[in-house]
Amino acid sequence: MEEVKVFPLSCVVQNYAWGKVGLDSEVAKLVLGGDPQVVIEDGKPYAELWMGAHPKGDALIKDNRISQRTLGQWIADYPGCLGSKVKDMFQGQLPFLFKVLSVNTALSIQAHPNRELAAKLHAQFPEHYPDNNHKPEMAIALTQFKGLCGFRPLEEIISFLKAVPEFHALVGNEAADELQSCVGNPGRISLALKKCFSRMMNCEKKVFVDQLNMLVKRVSEEAAAGKDTSSSNGELLLQLHSQYPGDIGCFSIYFLNRIVLQPGEAMFLGANEPHAYLSGDCIECMACSDNTVRAGLTPKYIDVNTLCEMLNYSPAPVSAKIFPSIQDPSDPCVYLYDPPVPDFTVMRIQIPPSVKQYTVSPLDCAGILLVVQGEASASSAAAFTDIMLRRGSVLFISANESVTLQVTSSTGMIMFRACCLL
């Protein structure tokens, strides 16, 4: 029998403690949409949906004509499905991991190493760094999505050093003065910023806990008295301190940009870019790696020295962190999020209510398609039978295969497709 090259997937859910709970979670809603038999538990966090072939979350194939159980097994047996360029460049592996995240409490402040550093860390500390790959990633908001991303403009950091004495105490006079003297001298900014951040991160635990308690007490009293606490970034401070009391990461809000993405907006996180997700639901796509160097807001291992050495100390306004999507000139329904790395590209496919038949075009690489809104009957020469798509459906599409949709919903469709355009 000819092999089936387009098939639905049943994907792995990760129930990390920071996830949104029960049906508040977009992950849970998508899982239930894709399989109405699933029981969603009220008090359980549904943090991430993994769509891919990563060993920690290899998707199951929902087609009983296929003997392989998982996507990873199937790709190993039929590496040609990846497309010849991807197969050769990425040694027969699917190069990306596609996810949905539903964030209730903040994830750790972290950065991901470049390939060179990843190889070194993996060789030295395999228990903390499980593979030798880089991990650039992109987040695309499904609901309003809040995060921290990259170092703030110099003027903003200096104004916090002046307005927040507890923050100034951790950085110290010498490093703070050095940063102040860099205004108008861009060549020295990175080193001065590195010194400030490193001083704070290497502060003795008792010192920073005392300063944090004083800051939280002061800001809480000001807020209770109805005063404006924005000069101390008070609202975010109290939110993070309630989630991670006594954590050095609470002070990182004075160094890092706070970003708010509206649905459809994205941020790209290259190597060595400090970031943290705070709240909301997003689509995420990344290189297939699990390497994370943490800096706070976490009970997990914090590798302060590696982190302070590796970070990209380039201040930039928050507006520079929003990654634009570009409408595909050959298909007005497709918006491309194409980051400056070869491992992945994401497409947002928005089919208007007026369009009832739509073809998901063939690409010279494999892709994974997620339906976020709408319903359709999908047919493909490589599937042999029609596949019903609805909110939460996930479809694997081999290289060079097209899928024709007969749209049945009256509101059109929204889908996201992860692929690797070399």
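Even glycines carry a Cβ here, placed using N, Cα and C.
Automated prediction, rather than curation, is the source of TrEMBL annotations.
Around the Cβ of Arg294 (active site), the same chain contributes Ser108, Ile109, Gln110, Lys300, Tyr301, Ile302, Asp303, Leu307, each under 8 angstroms and 6 or more positions distant in sequence. Among the features that TrEMBL reports, active site is placed at Arg294.
Annotated Zn(2+) binding site per TrEMBL: Gln110, His112, Glu137, His275, in sequence order. Taking the Cβ of His112 (Zn(2+) binding site) as centre and 10 Å as the limit, one finds 25 other Cβ atoms among all the protein chains shown.
Per TrEMBL, the feature domain 'Phosphomannose isomerase type I catalytic' maps to 6-154.
Taking H, G and I as helix, E and B as strand and the rest as coil, DSSP gives the domain 'Phosphomannose isomerase type I helical insertion' (170-256) the counts 66 helix, 1 strand, 20 coil. The domain 'Phosphomannose isomerase type I helical insertion' annotation in TrEMBL covers 170-256.
For the domain 'Phosphomannose isomerase type I C-terminal' (336-376), residue counts in helix, strand and coil come to 0 helix, 21 strand, 20 coil, using DSSP. According to TrEMBL, the domain 'Phosphomannose isomerase type I C-terminal' annotation covers 336-376.
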TODO: Give me the non-local Cβ neighbours of Glu137 (Zn(2+) binding site): same chain, 6+ apart in sequence, Cβ-Cβ under 8 Å, ordered along the sequence.
DONE: His112, Phe268, Leu269, Glu284, Cys285, Met286, Ala287
- [ ] Give the residue counts of the domain 'Phosphomannose isomerase type I catalytic' (6-154) per reduced DSSP state, in the order helix, strand, coil.
- [x] 40 helix, 41 strand, 68 coil
Open item on the list: Neighbours of the Zn(2+) site Gln110, His112, Glu137, His275: Cβ within 8 Å of the Cβ centroid, same chain, sequence order.
Closed with: Ala111, Lys135, Leu269, Glu273, Pro274, Thr292
